[in-house]
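Colleague: Take this structure, written in structure tokens, and hold onto it; I'll ask about it next.
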Amino acid sequence: MANAYREIFKAPGAIAFSTTGFIARAPISMISIGLMTMFAARGDSYGNAGYVAASYVLANAIITPQISRLADRYGQARVARPATLISVASLCGLLIASHYGAPLYVLIFTAIMTGFMPSFGSFVRTRWSNLYRGSPLLRSAFAYESIVDELIFMVGPIIAIELTTRFFPSAGPLAAAIILLIGCWLFTSQKTTEPTPHPEKIEGSTSVIRLFSIQILAIMLFCIGTIFGTAEITAVALAKSLDLSHYTALPLVAYALGSFIAGITYGALQTSMPLQKQLLISVTIAAITTLPLLLVIDLWSLTIVLFIAGAACSPTIIICMSLVENIVPNEKLTEGMSWAITGMAVGVAAGAAMSGQLIDTYKPESGFYISMIGGFLAFLIALIGQHYLKPKTLMRELNNL
């Protein structure tokens with residue numbers, strides 16, 4: 001198992017861009033939960049917290065693919081640095097506005113502008129694809145990055161929540177802004193592995209989101225994202241209702257840990273099963289494991305259930321990224337991966353917003369109905385999409401792009 005992961009780092013520059021990419025995308029797991037914890041610490045409603053967090057995530061989901069499209073055309077460093085400056089400045093503005101009790105529309109506007117954060121996860125995966133396109137090592141590289149994502153979602157929420165509860169309400173998001181700024185500069189300084197821009201191939205061409213197969217993956221990941229978005233805000237609400245705010249991150253860490261273990265195992269497996277079949281199995285598991293969420297009665301049962309539910313998360317992302325790598329041409333790979341990640345990000349935002357309303361109206365556990373609906377919708381989409389994700393169908397569709 002370890003040999004495959006050792007092998008991928010033998011390429012020059014691989015360790016540097018993967019490590020700095022880890023730092024650059026660490027704020028992904030800190031901003032949303034940090035904002036919700038900040039609002040909770042100040043006694044604001046979960047509905048407002050959900051709206052602000054959802055505005056940031058939704059804006060990021062819309063803007064990120066455009067940033068990635070520009071990165072494919074002009075280069076990662078040239079695009080990522082100004083976009084990151086806009087995001088960091090806007091996040092600082094959001095924290096200041098919140099501190100002085102600004103109206104909700106001001107908070108939402110600054111949250112939207114914070115969404116200019118680039119998709120460093122897509123940037124990193126594009127670099128791996130350039131190194132190992134057509135090699136079995138690419139699967140291991142994608143698996144490794146999904147494992148890194150899970151590690152980020154294990155550590156990030158803990159850092160954000162601990163900073164907020166131990167120091168001051170905006171400490172978590174503020175730390176995320178600082179890490180984002182430093183991480184962006186370090187990652188974009190890795191010039192030797194930066195993909196070659198393709199301005200002549202991208203100018204005037206259509207977006208890969210017009211491919212039906214990419215639409216299927218993005219919508220399915222949207223449904224999967226609602227599961228995590230619900231878990232995130234429900235963990236905050238449930239912990240506060242039980243006077244256990246210091247343990248808020250525990251269920252989220254358990255979810256990420258389950259996904260982490262599954263990702264390590266899946267990435268080391270050698271299988272000839274078609275990717276679309278693997279996807280159906282993974283999403284089926286994701287749907288089934290939402291059912292026990294309806295039985296959650298406290299923070300500890302939530303932790304156990306989310307650990308089990310996490311088993312389908314990382315493999316689903318790995319499979320989807322592998323499908324995207326097979327679908328889109330190399331000069332549009334960053335954009336293609338961004339649309340997939342965008343689908344999940346919008347799902348997280350929608351799950352948080354809808355769950356926040358249910359929690360305000362009923363009780364913390366009521367948000368899990370959103371998770372169940374999202375899980376089974378994802379299953380239906382994966383089932384219906386089996387034909388469209390077959391290699392021959394993908395080839396015909398790509399020829400029409």
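Note that the numbers count up from 1, one per residue, in the order the chain is shown.
Every residue, even glycine, has its Cβ placed from backbone N, Cα and C.
From TrEMBL, here are the annotated features:
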TRANSMEM  12-37  transmembrane segment
TRANSMEM  49-67  transmembrane segment
TRANSMEM  167-187  transmembrane segment
TRANSMEM  208-228  transmembrane segment
DOMAIN    213-401  domain 'Major facilitator superfamily (MFS) profile'
TRANSMEM  248-267  transmembrane segment
TRANSMEM  279-297  transmembrane segment
TRANSMEM  303-324  transmembrane segment
TRANSMEM  336-356  transmembrane segment
TRANSMEM  368-389  transmembrane segment
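Map these features onto the structure and tell me what's around them.
Modeller: Sequence-distant contacts of the transmembrane segment (12-37), counting only residues of its own chain at least 6 positions beyond either end whose CB sits under 8 Å from a CB of the stretch, comprise 46, 49-50, 52-53, 56-57, 91, 94, 111, 114, 117, 119-121, 123-124, 127-128, 131, 144-145, 148-149, 151-153, 155-157, 159-161, 163-165, 169, 172-173, 175-177, 179-180, 182-184, 186-187, 189-190, 192-193, 232-233, 236, 248-249, 252, 348, 352.
Sequence-remote contacts of a segment are chain residues at least 6 beyond its ends whose Cβ falls under 8 Å from one of its Cβ atoms, and for the transmembrane segment (49-67) they are 31-32, 35-36, 39-40, 79-80, 83, 94, 104, 107-108, 111-119, 122, 207, 209, 233, 335, 338-339, 341-343, 345-346, 348-350, 352-353, 355-357.
Counting same-chain residues at least six beyond the ends of the transmembrane segment (208-228), those with a Cβ under 8 angstroms from any Cβ of the stretch are 65, 255, 283, 286, 290, 309, 313, 316-317, 320, 323-324, 327-328, 332, 335-336, 339-351, 354, 370-371, 373-375, 377-378, 381-382, 385, 388-389, 393-394, 397-398, 401.
For the transmembrane segment (279-297), the residues of the chain that approach it from at least six positions outside its boundaries are 220, 224, 227, 238, 305-306, 308-309, 311-313, 315-316, 319-320, 323, 365, 368-369, 371-372, 374-376, 378-379, 382-383, 386, 389, judged by C-beta separation under 8 angstroms.
Counting only same-chain residues 6+ beyond the ends of the transmembrane segment (368-389), those with a CB under 8 A from a CB of the stretch are 212-213, 216-217, 219-221, 223-227, 229-231, 234, 275-277, 279-280, 283-284, 286-291, 293-294, 296, 323, 347, 351, 354-355, 358, 397.
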Colleague: Tally Cβ pairs under 8 Å between the transmembrane segment (336-356) and each listed stretch (167-187, 248-267, 303-324), then give the stretch with the top tally.
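Modeller: If we count Cβ pairs closer than 8 Å to the transmembrane segment (336-356), 303-324 scores highest.
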Colleague: For the transmembrane segment (248-267) and the transmembrane segment (167-187), decide whether they are in contact, meaning at least 3 CB pairs lie under 8 A, counting pairs 6 or more apart in sequence.
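Modeller: No, since the transmembrane segment (248-267) and the transmembrane segment (167-187) share fewer than 3 Cβ pairs closer than 8 Å, they do not count as touching.
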Colleague: On the 0 to 100 scale, where does the mean pLDDT of the domain 'Major facilitator superfamily (MFS) profile' (213-401) fall?
Modeller: 81
